[in-house]
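Trainee: Before anything else, here's the structure in question.
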Amino acid sequence: MKRIFRLVRRCHYSTEKRTNGPLVLVSNNQNIHFNLSLENFLLNNYNDLLKYLNINTIEKFNEPILFLWRNNRSIIIGKNQNIWSECNLKNIKEDGVLVARRFTGGGAVYHDLGNVCFTFLNNNINTSSNFLIILNTLKNHFNIEAKTQGRNDITVNDQKCSGSAFKKIKDVFLHHGTILINLEKNILNKYLTPDKIKYIKHGVSSVNARTINLSEINNNITCENLCIALIKEFTKFYEQNYKENINNIKNLENNINNSNFQNKEQININNTNENNLINNTNIIPNDITVHYIDQNNNITKNPEFLKYYNLLKDWDWCYGKTPKFQNHIWKQFTFGKLELFFNVSNGFIKDGNIFSDCLDINLIDHLKSIFNNDIKYSKEDISIFFKKLNVENKNYLDEVRSWILQEL
């Protein structure tokens, strides 16, 4: 893509600027570790976000956020996945593809400059509203009839064009995902080696067969005009409270290509690709609250951001150690695959781990507690352990309990 998406402006910080209302944030960096760190920082500092954006206010923030970003070639795996079985690490290393383990659940995905990443943040569970914004974007601006499928996918003609994952911290909800525009689908199988059992039930043989680029449906769609459309629909969705945004957002297309921004390296991030999704511009009207963030922003100098960034780059976090365990069981459930490794020492369950692409990371975290609570390797004690677990998805827990007890 040769065109440069110039969407955001420098914010002029003053008490006169409107500080309430939905925010649109865009990352001017294409490094996966940078963007995941930024996303996690926004999630954990949601209520204090205005001060980190240098807006002169004492208000606590509690409005919807749309965060748009894009990455160079990267493999991103779910928090609880086994990277050794999900990825072809030899090919990944040879081609210089970055690998990251995100902070949310779900499966392994491939990113490049042919897809747009979105993040919705809110203090309410608004997944249905978020999906509606995306569906309206595709229908109203590109004449693409898409639909939700399951809990986390958007499909066109029964092929997946978007996948999502979710996370909650305190009273803040995160919904993030990707939208495939012109992804290099032909190399998905080069880097990803997902369990074939996922595709047997779909009657297909590869990741490629299940996914579709939106450019295959409408060849006029690009990452840049999709983002403009998303901002329009996001603002339109909340127009009852913020009508002034709609009156001014029409100026976006006319002013997109007016200026450039030259990035400067600050924290040793390789972001030299010229095909930037966004560049700084001063042309968006002041009453549209859009902020750009790059590696020169104050947020990226914050110790908490740097902690996330260094963690994501850490080998132990990303790859982890998968020792040879005495016991290995796995099963594909409707909510995801579970793979358990554990040792039994002196009749007790020890030294284990659970790998999963399940979106409910709280369920997996609770299940992992079996490895550090001196649980006897017996049906009775394991059954008692499961009864004490306090999780939201009781049905999922019952399925896992029945399976493990059957495997003993």
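Even glycines carry a Cβ here, placed using N, Cα and C.
Since we're looking at a predicted model, the values are computed, not measured.
Straight from Swiss-Prot, here's the annotation block:
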TRANSIT   1-18  transit peptide
DOMAIN    60-242  domain 'BPL/LPL catalytic'
BINDING   Arg102, Gly107, Tyr110, Lys160  ATP binding site
BINDING   Gly107, Lys160  (R)-lipoate binding site
BINDING   Asp153  Mg(2+) binding site
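Could you give the neighbours, burial and distances for every feature on this list?
Mentor: The Cβ of Arg102 (ATP binding site) lies under 8 Å from the Cβ of Leu36, Ile76, Ile77, Gly78, Lys79, Ala165, each of these being in the same chain and 6 or more residues away along the sequence.
DSSP classifies Lys160 (ATP binding site) as strand under the three-state reduction.
DSSP assigns Asp153 (Mg(2+) binding site) to a strand in the three-state reduction.
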Trainee: Looking at the binding-site residues Gly107, Tyr110, Lys160, which ones sit with their CA no more than 10 Å from the CA of Asp153 (Mg(2+) binding site)?
Mentor: Lys160
Trainee: Limited to the domain 'BPL/LPL catalytic' (60-242), I'd like the whole-number average of pLDDT.
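Mentor: Taking every residue in the domain 'BPL/LPL catalytic' (60-242) and averaging pLDDT yields 87.
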Trainee: What residues, ordered by sequence, lie under 8 A Cβ-to-Cβ from Tyr110 (ATP binding site) and sit at least six positions away in the same chain?
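Mentor: Looking at Cβ-Cβ distances below 8 Å from Tyr110 (ATP binding site), excluding near sequence neighbours, one finds Arg73, Ser74, Ile75, Ile76, Leu183, Glu184, Ile187, Leu188, Tyr191, Leu192.
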Trainee: What is the maximum Cα to Cα distance, in Å and rounded to a whole number, among the residues Arg102, Gly107, Tyr110, Lys160 annotated as binding ATP?
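Mentor: Greatest Cα separation within the listed binding residues comes to 21 Å.
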